[in-house]
Amino acid sequence: MELVPTRTELRERLAGKASVALVPTMGALHDGHASLLREARGRAEVVVTSVFVNPLQFGAGEDLERYPRTLDEDLRICDKEGVDLVFAPAVEEVYPGWPAQPQVTVEPGPLATVLEGRTRPGHFRGVLTVVAKLFGLVRPDVAVFGQKDYQQLVLVRRMVDDLCLGVEVVGAETVREPDGLALSSRNRYLDPDQRREAAVLSKALHRAQEDAVRGVDAALGAARAALRTGHGVDLDYLVVTDPDLGELPRDAPPGTEARVLIAAKLGSTRLIDNMPLTIGHP
């Protein structure tokens, strides 16, 4: 494994490689990221992961400075999982002239204004811009993203399709704690009581999956009932959509594939999660 801090070195190391898989991250790696690295390892000759806390996707009042930076531990995990190159650039390497904003960015469209985008304006513009830059620098054949950040995954796939970027985008399943909580770098911000209560988010999603046999309204009602058993959970949204995050009719016929998504705060920590479900089937 090799740590690569500059664009020039990255290009040199990748010259002539037959196939490349990229796992973009912001560091603070955990077992969820490790599963993405293993997925990438099975898909290409060379695995590249980026460790870059992208300032362009953080809004005013968000936790850019607070976001954990654990490069030594990240490198240990990458080495264990067989990563070949870790691209860990300075901000100026990705955005020359920073803190001046880049003049050209990726416009994510209307899907970026709902769900996460409703409370985080500009977030997905920053995400897609840095992902497009990484695709341009690494030129991967495959890129692996987690399904936990489902809206991000859908938008990246849409960008790849709309801009003809020629990258296969793989969505890897969410890795969870034994009590069901989705692994996230932000879980470390939870105090013990909040951590215990956070498991109610995944319980609500499981209830939605179970009750989807009776339709969309039943699924949402079951999830809300589960949430009421928790304490200190400040719900932002709980929705059922189609797999591309489009509107799902309340009378969707049996067999319709869908997605249930949730976002909530426990104290000052905002958590998101989602699961697939099928309307009209247990």
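Cβ coordinates are placed from backbone N, Cα and C, and glycine is handled just like the others.
Where the annotation comes from TrEMBL, it is an automatic prediction and has not been curated.
As written in TrEMBL, here are the features:
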- 26-33, 146-149, Val175, 183-186: ATP binding site (BINDING)
- His33: active site, proton donor (ACT_SITE)
- Gln57, Gln152: (R)-pantoate binding site (BINDING)
- Gln57: beta-alanine binding site (BINDING)
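Overlay of TrEMBL feature records on the structure.
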{"residue": "Met26", "record": "ATP binding site", "Cβ contacts under 8 Å, 6 or more apart": "Val51, Phe52, Val53, Asn54, Tyr67, Ser185"}
{"residue": "Leu29", "record": "ATP binding site", "Cβ contacts under 8 Å, 6 or more apart": "Val51, Thr70, Glu73, Asp74, Ile77, Cys78"}
{"residue": "Gly32", "record": "ATP binding site", "Cβ contacts under 8 Å, 6 or more apart": "Gly146, Lys148, Thr174, Val175, Ala182, Leu183, Ser184"}
{"residue": "His33", "record": "active site, proton donor", "Cβ contacts under 8 Å, 6 or more apart": "Val23, Thr25, Ile77, Gly146"}
{"residue": "Gln57", "record": "(R)-pantoate binding site", "Cβ contacts under 8 Å, 6 or more apart": "Gly122, His123, Phe124, Arg125, Gly126, Val127, Val130"}
{"residue": "Gln147", "record": "ATP binding site", "Cβ contacts under 8 Å, 6 or more apart": "Leu153, Gly171, Ala172, Glu173, Thr174, Asn274"}
{"residue": "Gln152", "record": "(R)-pantoate binding site", "Cβ contacts under 8 Å, 6 or more apart": "Glu116, Phe124, Val127, Phe145"}
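The Cβ neighbour count for Ser185 (ATP binding site), using a 10 Å radius over every protein chain in view, is 17. A 10 Å cutoff on Cβ-Cβ distances gives Val175 (ATP binding site) a total of 18 other Cβ atoms nearby, all chains included.
DSSP assigns Ser185 (ATP binding site) to a helix in the three-state reduction. For the recorded site, His33 (active site, proton donor), the DSSP three-state label reads helix.
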